[in-house]
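Residues or ranges marked as domain 'tr-type G' in Swiss-Prot: 10-213. The region 'G1' annotation in Swiss-Prot covers 19-26. If you look up Swiss-Prot, you'll see 19-26, 85-89, 140-143 marked as GTP binding site. Residues or ranges marked as Mg(2+) binding site by Swiss-Prot: Ser26. Marked as region 'G2' by Swiss-Prot: 64-68. Per Swiss-Prot, region 'G3' is recorded for 85-88, and the stated evidence type is similarity to another entry. Annotation comment: Swiss-Prot describes 140-143 as region 'G4', evidence class similarity to another entry.
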Amino acid sequence: MAKEKFERTKEHVNVGTIGHVDHGKSTLTSAITCVLAAGLVEGGKAKCFKYEEIDKAPEEKERGITINITHVEYETAKRHYAHVDCPGHADYIKNMITGAAQMDGAILVVSAADGPMPQTREHVLLARQVNVPYIVVFMNKCDMVDDEELLELVELEVRELLSKYEYPGDEVPVIRGSALGALQELEQNSPGKWVESIKELLNAMDEYIPTPQREVDKPFLMPIEDVFSISGRGTVVTGRVERGVLRPGDEVEIVGLREEPLKTVATSIEMFRKVLDEALPGDNIGVLLRGVGKDDVERGQVLAQPGSVKAHKRFRAQVYVLSKEEGGRHTPFFVNYRPQFYFRTADVTGTVVKLPEGVEMVMPGDNVELEVELIAPVALEEGLRFAIREGGRTVGAGVVTKILD
């Protein structure tokens, strides 16, 4: 048998389950895979994952932070989904802030028996902060509630919560169902209304979460890792293409670490010592730049489509501060704390200039919003992830939520 080729015929979308502890996120992830694996959705495909397999999530490291994440994949008739589930509340916060697994849409799981709880709110707020663009709601455990009015009330509360954090609460699909009920129906070989609720959820995901713009279609950007001078030819910068396409002859800008961007032309592109006619996201390339001296460009800048990205010094960010057990600080920090901020390939000293009202200090293990001023401008945009380091160790991870200059 020849090996099956990964077919790129279906659109690819990244999703994940979010919500309060014990509201059934991992059970829902299991139910989705098992309903699809049972062949109950036309054109659907999956391997059935049991709850235990999802709950014992393997550890991953992202920006020096250990996170437990389970990845599953499945297909509907229209799409290929990559789906992430985290067992612990802290894992969610870390995943959302570090962007270890970025989501094009989230499935908010709310227990019909309990309604929205503190972590429900926290996850929705975080989803908004880190730019998760769409949310679909699965009201779980509806088999435990016989009171129609109570279900109406919980749905209303969830919609109000979403609206409060600037999601369109009135339009968001809310599916009533039971993940455990669906798994039990499958076991008894009698798919009924709870399996139907899982199919409804998949349909809502297909219809409501748009296919994201592909990295290839975005404006070109490559963080500069290294700079070489090649005698007789000029200056070459190397790095991995983050997004967009670069072709020889394209105009580019070198942005960051200097007051003004520098315009130049990419005269040739090489990968593995071979000349390329186009560089795509993920390619590790060397780019020969016209008329640029070795001292005009340095690691930490980015090569970008002109006008597509600007350098900034001041920003607001949502930050997760590592606990002592995770190798972070042992003591709190205060306003005027001055660590190193790592953006892509840039590492720049910055000062924490503002903490939230009423917050005097930030403890290891906290998740906090703060304002930072860098000593040199860096190519920044909302949604960009960064690490905070001090004395050679990672002490935090963050995401830019607003540019302030």
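Each Cβ is built from the backbone N, Cα and C atoms, and glycine gets one as well.
Here the features listed in Swiss-Prot are placed on the structure.
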| residue | record | CB count, 10 Å |
| --- | --- | --- |
| Gly19 | GTP binding site | 25 |
| Asp22 | GTP binding site | 13 |
| Lys25 | GTP binding site | 27 |
| Ser26 | Mg(2+) binding site | 24 |
| Cys86 | GTP binding site | 24 |
| His89 | GTP binding site | 14 |
| Cys142 | GTP binding site | 21 |
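Closest by Cα distance to the residue listed as 'Mg(2+) binding site', from the binding-site residues Gly19, Cys86, His89, Cys142, is Cys86. Across the region 'G4' (140-143), the DSSP tally of helix, strand and coil residues reads 2 helix, 1 strand, 1 coil. Taken residue by residue, the region 'G1' (19-26) breaks down under DSSP into 2 helix, 1 strand, 5 coil. On the 0 to 100 pLDDT scale, the model's mean across the region 'G2' (64-68) is 80. Residue counts for the region 'G2' (64-68) by DSSP state, with H, G and I taken as helix and E and B as strand, are 0 helix, 4 strand, 1 coil.
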